[in-house]
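Inspection log for the structure reproduced underneath, given as structure tokens.
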């Protein structure tokens, strides 16, 4: 099972790849080559930074169609932080920008009246049962760094929510796609458990 962490110039990917290796992903490659990404069994899209810049970089690297095709084929996909937001149709971060459009919905600023960006530990509240959440309990803490939140059209994709001024979507799951607004690689044991659970799901999808 070959896992490719997509490097599109948005953030330090070493901690993500090391966390994946730590939970037993057998072959983890960090690459910005669309040919390498197109042959992956598992794709991981991490990232921090601006939505518009991210989409521009993905397009210039010919990775947009690779990501869409990978997901359409039913192969395992993991999005982290900006990698969750990019799955949606559009974002209003510094203007209006089109996303990958895998999921219907948009990306908007966190609510007024809270400190932005949202940095630090916060709790997960479960919205549905999933193997991804095995070994975790309601109220467990994970680590966030973000200013924007996703608003899915279809609430059934929502895996967890988190309270920051009001409840926002902190993770989603739809078939072969799992994505976290928080950083599992920075969330210590709970984060590694989530990645381990994703690995188990990925193994089922690739055998």
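Backbone N, Cα and C atoms are what each Cβ position is placed from, and that goes for glycine too.
Across the residues of the domain 'Glutamine amidotransferase type-1' (2-207), the predicted structure has a mean pLDDT of 98. Look at Swiss-Prot and you will find 2-207 tagged as domain 'Glutamine amidotransferase type-1'.
Cβ-based neighbour count (10 Å, all protein chains) for residue 81 (active site, nucleophile) stands at 27. DSSP assigns residue 81 (active site, nucleophile) to coil in the three-state reduction, placing it in neither a helix nor a strand. According to Swiss-Prot, the active site, nucleophile annotation covers 81.
Non-local neighbourhood of residue 183 (active site): 80, 81, 142, 143, 144, 145, 191, each in the same chain, at least six residues away, with C-beta under 8 Å from its C-beta. If you look up Swiss-Prot, you'll see 183 (among others) marked as active site, on the strength of similarity to another entry.
As annotated by Swiss-Prot, active site applies to 185 (among others), with the evidence given as similarity to another entry. Close to residue 185 (active site) in the fold, though at least 6 residues off in sequence, lie 15, 16, 18, 19, 80, 191, 195, each with a CB less than 8 Å from its CB.
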Let me know the DSSP-derived helix, strand or coil state of residue 185 (active site), please.
helix
